[in-house]
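Engineer: Quick one: this structure, given as structure tokens, is what I'll be asking you about.
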Ligand code: HEM
Ligand SMILES: [Cu+2]
């Protein structure tokens, strides 16, 4: 009860993180089954029917049960402290939002227990996902699970916004908020505006499946339109890709200044770029539908708007580089993961701009090029930032330092094998290998083998990380309140791990001049 029923945001945060880590392991195992089957042409290890469940269930595990809850976990632990609040605004709502997740996961994946997991990919496009082509009960359970997840993250978003807007300590204005908190605010607005749309689309699909001759939302026989589903789905799922990356942006925006021993370059611009990304994120969804038969003018407009997103994204990348430039760098594992993130996320952004060009997308849509793009933004983006966040905040959460030697081994193994696994997929895509197929032409054999070997090596290096997590919990060096010395935000002013009430006196924030930065160099000189 001390843990499971606790309304302390820090404990809820750790429960989220634990749950997300378990889902991440489950999702990874599903992906290794994909890569094992694809290591060689032919159907080698499983039936075609079983293979078809894997891409969609892997993606659902990673998106809905790993990345999104993982960020929610970090936000729960850190955001209330960063704004100087004693807890989240609605602690019981917070606990309820977390406890919706484990049942949602069990329901969504229970198709595997009764041998009826859905076979239509994480996008669930009708007519493939309707009751004629996908009669499995597992598909209905998956839909129900996702509806529950949507409810949970909406509850979480309301809570983050209320906490950040109403519970800030004395002296902290909106433009004094740390960038991680800002990123959670922007992410929460995205959740509020987009998740109900997905939830509606999934409920509509479920109704249509359960009552086939009654509801016609997407089925043309009764006046429905399958393209409507795609619009609703991507009106959520494009913003969702930013739900999956903005908190990561926020994390590295805390980490890079700390280990460059310089204030973030262009604080206000960083905030406004996140807002611009969120805003534009709602105007580009149809770039997922360039081959769905929508009109040419519409495609041109969406092509242009999509390319615009590269501007605020590029600004952020330049701001991070500007922060590093001329800094006195400390290559902690957390910093290494942040630098690796910048390098590899840039590749993902560039392949996105390539896909945004309609004529190119017509060639590359539903090929492995898209798979490569997704994984550069989500594995080299979200997952690398999550690792950066672990190495950075683990001492705050546990009171112990992670082992840096193991951390560096983990970093290099991870970075190298992310590239071995996913870089070759660009070539597979350009050569024409389609996604979501169990078998392929032997001309794709060599590159697929490289990718499969890379994925198993990538997985192997994660054992170093898990070993470090458990080993350091007992044996790690004891962390003081501010083990990184140069970290600036409020969580580094209190004990590691923080006491239940975190602050003994309500903190008062001394505003720092964000436009010129905190003149930290002087403090250092005085201390030495
Ligand atoms: C510079 C910014 C970006 C641009 C211009 C861009 C563009 C695109 C385009 C045009 C597609 C559709 C490709 C197709 O299916 O034919 C796509 C797919 C995708 N993108 Fe991006 N993207 C960008 C950044 C991101 C980011 C930051 C993420 C996530 C963190 C992301 C995640 C995805 C995912 C998950 C898909 C595939 C969805 C699916 O079909 O399963 N993208 N992107
Ligand atoms: Cu998109």
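Backbone N, Cα and C define each Cβ position, glycine as well.
Automated prediction, rather than curation, is the source of TrEMBL annotations.
These numbers come from a predicted model, not from an experiment.
Pulled from TrEMBL, these are the listed features:
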DOMAIN    1-510  domain 'Cytochrome oxidase subunit I profile'
TRANSMEM  12-36  transmembrane segment
TRANSMEM  56-81  transmembrane segment
TRANSMEM  93-114  transmembrane segment
TRANSMEM  141-167  transmembrane segment
TRANSMEM  179-205  transmembrane segment
TRANSMEM  233-252  transmembrane segment
TRANSMEM  264-288  transmembrane segment
TRANSMEM  300-325  transmembrane segment
TRANSMEM  337-358  transmembrane segment
TRANSMEM  370-394  transmembrane segment
TRANSMEM  406-429  transmembrane segment
TRANSMEM  449-471  transmembrane segment
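Can you tell me where each of these features sits in this structure?
Structural biologist: Only residues 6 or more beyond the boundaries of the transmembrane segment (56-81), in the same chain, are considered here, and those with a CB under 8 A from a CB of the stretch are 9-10, 12-21, 23-24, 26-27, 30-31, 34, 87-88, 94, 101, 104-105, 108-109, 111-112, 117-124, 142, 146, 149, 153, 156, 160, 163-164, 167, 180-181, 184, 187, 240, 243-244, 247-248, 251, 378, 382-383, 386, 389, 393, 396-397, 490-491, 494, 498, 502-503.
Listed as Cβ neighbours of the transmembrane segment (93-114) (distance under 8 Å, sequence separation of 6 or more from its ends, same chain) are residues 5-7, 9, 12, 15-16, 19, 23, 26, 53, 57, 60-61, 64-65, 69, 76, 136-139, 141-142, 144-146, 148-149, 151-153, 155-156, 158-159.
Sequence-remote contacts of a segment are chain residues at least 6 beyond its ends whose Cβ falls under 8 Å from one of its Cβ atoms, and for the transmembrane segment (141-167) they are 57, 60, 64-65, 68, 72, 75, 79-80, 83-86, 88-90, 93-94, 96-98, 100-101, 103-111, 117-118, 124, 177, 181, 184-185, 187-189, 191-192, 195-196, 198-199, 202-203, 205-206, 209.
Outside the transmembrane segment (179-205), and at least 6 residues removed from its termini, the chain residues within Cβ reach (under 8 Å) are 71, 74-75, 78-79, 82-83, 124, 126, 129-130, 143, 146-147, 150-151, 153-154, 156-158, 160-161, 164-165, 215, 217-218, 229, 232-233, 235-237, 239-240, 242-243, 246-251, 253-254, 264, 267, 270-271, 274-275, 277-278, 281-282, 489.
Non-local neighbours of the transmembrane segment (264-288) in the same chain are 175, 179, 182-183, 186, 189-190, 193-194, 230-231, 234-235, 237-239, 241-242, 246, 249-250, 253, 256-257, 294, 298-299, 302-303, 305-306, 308-309, 311-313, 315-316, 319-320, 322-323, 325, 355-356, 361, 514-515, 517; each lies 6+ residues outside the stretch with a CB under 8 Å from one of its CB atoms.
Through the fold, the transmembrane segment (300-325) approaches residues 249, 252-253, 256-257, 260, 262-266, 269-270, 272-274, 276-277, 280-281, 283-287, 290, 338-339, 342, 345-346, 349, 352-353, 356-358 of its own chain, all at least 6 residues removed from its boundaries and within a Cβ separation under 8 Å.
Listed by sequence, the residues of this chain that lie at least six past the ends of the transmembrane segment (370-394) yet keep a Cβ under 8 A from its Cβ atoms are 62, 67, 70-71, 74, 77-78, 241, 244-245, 247-249, 251-252, 254-255, 258, 332-335, 337-338, 340-341, 344-345, 347-349, 351-352, 355, 364, 400-402, 407, 410-411, 414-415, 418, 421-423, 425-426, 428-429, 435, 465, 469, 472, 484, 491.
Cβ atoms under 8 Å from those of the transmembrane segment (406-429) belong to residues 35, 332-333, 336-337, 340, 344, 351, 364, 367-372, 375-376, 379-380, 384, 387, 391, 444, 447-448, 450-451, 453-455, 457-458, 460-462, 464-465, 467-468, 471 of the same chain, restricted to positions at least 6 beyond its ends.
Beyond the ends of the transmembrane segment (449-471), by six or more residues, the same chain brings 28, 31-32, 35-36, 38-40, 387, 390, 394, 402-403, 406-407, 409-410, 413-414, 417-422, 424-425, 428 to within a C-beta distance below 8 angstroms of the stretch.
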Engineer: Should anything in the same chain at least six residues away from the transmembrane segment (337-358) have a Cβ under 8 Å from its Cβ atoms, list it; otherwise answer none.
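Structural biologist: Tertiary neighbours of the transmembrane segment (337-358) are 248, 251-252, 255-256, 259, 287, 290, 299-300, 303, 306-307, 309-310, 313-314, 317, 320-321, 324, 364-365, 369-370, 372-373, 375-378, 380-381, 384-385, 387-388, 391, 411, 414-415, 418-419, 426.
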